[in-house]
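Here is what TrEMBL says about this protein:
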| type | residues | note |
| --- | --- | --- |
| TRANSMEM | 37-57 | transmembrane segment |
| COMPBIAS | 134-148 | compositional bias 'Basic and acidic residues' |
| REGION | 134-175 | region 'Disordered' |
| ACT_SITE | Glu262 | active site, proton donor |
| ACT_SITE | Asp395 | active site |
| DISULFID | Cys458-Cys490 | disulfide bond |
| ACT_SITE | Glu504 | active site, proton donor |
| ACT_SITE | Glu529 | active site |
| BINDING | Thr615 | Ca(2+) binding site |
Amino acid sequence: MTTPALLPLSGRRIPTLSPGTSSFPHHRATLRLSEKFILLLILSAFITLCFGAFFFLPDNSKHKLWPTHSLHLSAPVLFPGADLTVEWCEDGKVREEEESLRDKIRADHERALQEAKEKLRKSREELQAEIQTEKNKLMEDLKKKDAGPKPLPPVPMPRVVGVSDGEPPEPDVKEKRDKIREMMKHAWDSYRQYGWGHNELKPLAKKGHSTNIFGNSQLGATIVDALDTLYIMGLHEEFKDGQEWIEQNLDFGVNAEVSVFEVNIRFIGGLLATYYLSGQEVFKMKAVQLAEKLLPAFNTPTGIPWAMVNLKSGVGRNWGWASAGSSILAEFGTLHMEFVHLTYLTGNPAYYQKVMHIRKLLAKMDRPNGLYPNYLNPRTGRWGQHHTSVGGLGDSFYEYLLKAWLMSDKTDTEARKTYDDAIEAIERHLIRKSNGGLTFIGEWKNGHLERKMGHLACFAGGMFALGADGSPDDKAGHYLQLGAEIAHTCHESYDRTVLKLGPEAFKFDSGLEAVAVRQNEKYYILRPEVIETYWYMWRFTHDPKYRQWGWEAAQAIDKYCRVSGGFSGVKDVYSSNPTYDDVQQSFFLAETLKYLYLLFSSDDLLPFESWVFNTEAHPLPVLHLGNITL
């Protein structure tokens, strides 16, 4: 039975103003009506209170007491209308609590009656003053609501250098760079024409596209993901269109269940990077608004966030396919860079505390063979299935350990030590050489090494090179060489296909090396990881083969993935006549084309000394923590 709400006589009801009335009227006739209305309201409240109490008084005829030897109820019985929980136990105890309940209701009656009498004694002026007070309070509340979010505190802008130009001195390299810019313009213009405001584009169907990682809402993921690439390439008109859409249409107050990880790296990362590059405040404000919507995902027993959160309700959950309801290492471990910048920009320590809590919790846990399993249960704090990968499910966790150190101006030595220890275990258990001499990174599954490497794991060549400087035991040369070997292996996975584009995953057994065996691993969805590694290796070695390999990939993408309505992934890189998947991924504009453009630019465009790229290729400035309080 639903208990009727009792009118709180101690509070004040705000009289409703008639339409068009700007203030309360002062002439006598209307004032009398106001007084009568208030008196009627008070009397009706009093009658309602009495009726409710009469209706809900316990009745012995309805609540017969049963002796304890014949009935044992484990669940408590809650008497309606009273904040009192009673367990059926002994007859005397229940009667005593029933009597207590009657006393409580009687006291409530007397208090309500007294309040009603006090109101009736008040003069017309006192009633009018109370009404005006309540009206003023309501107006103040409305003003606060309309004022919008609290302005962010002023913080010093990190040193921002090398955000444009980067034109190479060599004419042939400049020509290649211009071609990459033209590919970006084709991808953007197609999205602008056929998918504007949607998350992604179906370039053959020429309409918008979305996936479950963005929920069911049109959040313009491609716009947010691509803006910093447009800015870096000097595509100013296109950038302006994107900025206007974000200012006018990007709304995070929608009833949509989104991936915390994907929204963090694409939206928060993209908005923060674009803010730092352009200096436009709107991008910072939007990033903070979204970040606040993600915080409820951390409301778990361990503080390990859910994989998904509803932006409106704040309700979180994990993917149904994840081991034993677990969160994913690469998802909850890929928040640090963006959340540290959020704390820096807002002065709110919550973001920094959330990610540091995750790090501290992981540091306390046992790791089988020194490896981090990909699954962790956010309720129990225990590992799920013992599956370790530097590809999907694990990859960017290791990347963000290294980049946390770099972004802190190399002061976060805890992050560096955690990275070094993790890489040492990965080298010992996962990295092997094939019979043909190709270095690859396998996957550890329940004590067994699977000799398969995913396209996603190809980013690790660049990571090893980026982390070479600062390696323990003077191992810088070793890790630079390891990065070069991974780059070579991943180039082979491209070179051994018909289209010269790499498959999603490739094996190293049964006489086959760097080749996909299963049909569902032969697709290429415009992924950036191999080109990302070429760029890092180019920056650290200036070996011309990396630019050559990157150009081969760019030509293959332009030849086999380009269609009139944009760029599409292909389903079989070993077929000379491939079918399209009809999706232009947002990361193609955010990462693949950005890394290609940087590969054919001079090193003073976004130099490593000043910028660290998040896992979606969004550049965030190094924070010189000596001048910052986190």
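Every residue, even glycine, has its Cβ placed from backbone N, Cα and C.
Automated prediction, rather than curation, is the source of TrEMBL annotations.
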* Between the Cα atoms of Cys458 (disulfide bond) and Glu262 (active site, proton donor), find the distance and write it as a whole number of Å. => 19
* **Listed active-site residues (Glu262, Asp395, Glu504, Glu529), ranked by Cβ neighbours within 10 Å, top entry** => Asp395
* Structure fact -> Of the recorded positions Cys490, Glu504, Glu529, Thr615, the one whose Cα sits nearest to the Cα of Glu262 (active site, proton donor) is Thr615
* Nearest to Cys490 (disulfide bond) in three-dimensional space, by Cα, is which of the recorded positions Asp395, Glu504, Thr615? -> Glu504
* Intrachain C-beta neighbours of Thr615 (Ca(2+) binding site), sequence separation six or more, cut-off 8 angstroms -> Ile265, Gly269, Thr334, Asp395, Ser396, Glu399, Tyr400
* Asked: Rounded to the nearest angstrom, how far is the Cα of Glu529 (active site) from the Cα of Glu504 (active site, proton donor)?
  -> 11
* Asked: Looking only at Cβ atoms, how many others are within 10 Å of the one on Cys458 (disulfide bond)?
  -> 31
* To do: Mind giving me a neighbour count for Cys490 (disulfide bond)? Other Cβ atoms within 10 Å of its Cβ, every protein chain shown.
  => 29
